[in-house]
Amino acid sequence: MHWTPEHAQPLNQWPEQHLDVSSTTPSPAHKLELPPGGRQRCHYAWAHDDISALTASNLLKRYAEKYSGVLDYERPGLGSYGDAAFLNGAKGDPEPWPGPEPPYPLASLHEGLPGAKAAGAGGSAGLGGSPVVAGNLTEPLYTGNACGGPSAATEYAAGYGGGYLASGYCAQTSAALAPPPPPALLQPAPPPGYGPSAPLYNYPAAGYAAQPGYGALPPPAAPPAPYLPSGLAAPTPLPAPAPPRPAPYGFPAAAEGVSLKRKAVDEGAEARYRKYAYEPAKAPAADGASYPAADDTECRGNGFRSKPPGATEDGTGKYGGGGPLKVLGSPAYAPQLEPFDKFPERVPAAHGGFAEPSGEPAKGVDPGALELVSSKMVDCGPPVQWADVAGQGALKAALEEELLWPLLRPPACPGSALPPRTVLFFGPRGCGKALLGRCLATRLGATLLRLRGAGLAASGAVEGARLLQAAFAAARCRPPAVLLISELDALLPARDDGASLRAPLLTCLDGSCGARADGVLVVGTTSRPAALDEATRRRFALRFYVALPDGAARGQILQRALAQQGCALNERELAALVQGTQGFSGGELGQLCQQAAAEAGISGLQRPLSYKDVEAALAKVGSRAPSKELDSLVEWDKMYGSGH
């Protein structure tokens, strides 16, 4: 028969069992317990599919023969008792059988084995007849055919299968050996694909019904019931495993789960970008373009419509709605962003923070002025983060603690005090005051409206007041919003002759601090804070001084500006350049790099920018902030500044 790994465990026990049974030294009690124990282990192994049905049938048959040879029978056998070593049983022992209990009754087994009562030594034939045992033992148990009887193959019936007898087995005569068992005790033909192509046994396929198969596989052949003696209980077959059932909750498949997980990650990233009112870059367009085409009808995610297609650019520089980016700005590319009404997640106005977008049209405001503000004064530049502002570490920390945190988390404010709604940045020109205002809008996820005080003052008192009121109304209509008014001192002339915008400005500032202006932050910048009167100064709850950049900040600004020109300086050259630009503002450092690029292009040769070009430009560009002005700014900060 074919070898399978499931034979390993039972066959490892055969040499020990054979030696114990055939030896004359063990006690009769030990020989009494050995065959039933082996039979129980065989039952257990077969019931748990550790061995095949063919192996179980062979082992059980041998155990039955051994057990019949061990028991003591009342009827004497034919002939005298042999003294050979292979004869065993109670009658082969010189001492009586000392069993604690009477012999195990197996009347039905004896009836099925007629030769068991005729010869008490027939048990060894079942053990020695296994070719597996003969192959496992180091020496053959029986050599040759010394007994002189006929071979086992001629003595047994054809259906028994003489191939299971060892070639060296000492066969006996018909009178001494037990007759072959009936066909009902033998194993049926193995299932298809197992063992030889032709079946060794031919038995009727009777037995219990086949169990349902697993999935689409055909069920295995069921072993018939009559292959065991009637006295041995057949092991209970294990139930076949149930076919797979779908999940009760309908979970998606593996591929769908991966896509859902990726979708959740994308939504999480989108939620993080929603906080700052911009999103990551879109997927490539269907036509193969690197980025999707920009929509000319909408501006950067803030709900305000851009200028009409045929509008001119006259008002851009006039009102400060857009212009060339400063050197401290973020990279030139800005991803396309969704309309602002997609991101209404704000703290309710009842807590004093930013309110939900109202969507109601402004009342009492000129529609033409509101359209002008929505088209030309909304900043559409890229978002600015804290890292885009070089230096100013103490100022950033103060803004986070005193302004951003109360606005974004109003319940954390002590008492019933409302968070600040106005902030003033003052300092020398070109120090990044407007850049800080843009950064606040990004941190708050708010719409940014930019107004230039000089442009409003130049448009006249009536037109300037109309535009100023329209800007505040537009900010209130679409909160959260940040209204950035640069050059605030231009709106407050030294002489109040009725043509200034002081009164409309104070009125709008008072309205921005009331309950109607929830979600609006007003940011004013000036380089001459001393020009502000006391009434205007008190309208700004927070006042911060933006100083000139220090050495580390100047090095960072120079590296960014020169990298845009394709120039990379080594550490020594950069340190020398930082030392030579002491007292420069961020704007002046940007002008220095532009002048160096112009110096490199004068020669007409396409060569990269070098340190010599920067040195040549440094001789032409110098610091413009006098020390007297810097001292006055420091004094004003000590008197009226919020301190940081």
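Keep in mind that glycine also has a Cβ here, set from the backbone N, Cα and C atoms.
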Record-annotated ATP site (Swiss-Prot): member among A390, A473, A474 besides G430, C431, G432, K433, A434, L435: A390
Among A390, G430, C431, G432, K433, A434, L435, the record's ATP binders - longest CA distance, Å: 13
Cβ neighbour count within 10 Å of G432 (ATP binding site): 30
Secondary-structure category, per DSSP, in which A390 (ATP binding site) falls: coil
Binding-site residues (A390, C431, A434, L435), the one with most neighbouring Cβ atoms at 10 Å: C431
In the chain carrying G430 (ATP binding site), residues 6 or more apart in sequence that have Cβ under 8 angstroms from it: S585, G586, G587, E588, G590
Spatial neighbours, same chain, of K433 (ATP binding site) - Cβ under 8 Å, 6+ residues apart: F425, F426, G427, S486, T525, V546
Collapsed DSSP category at K433 (ATP binding site): helix
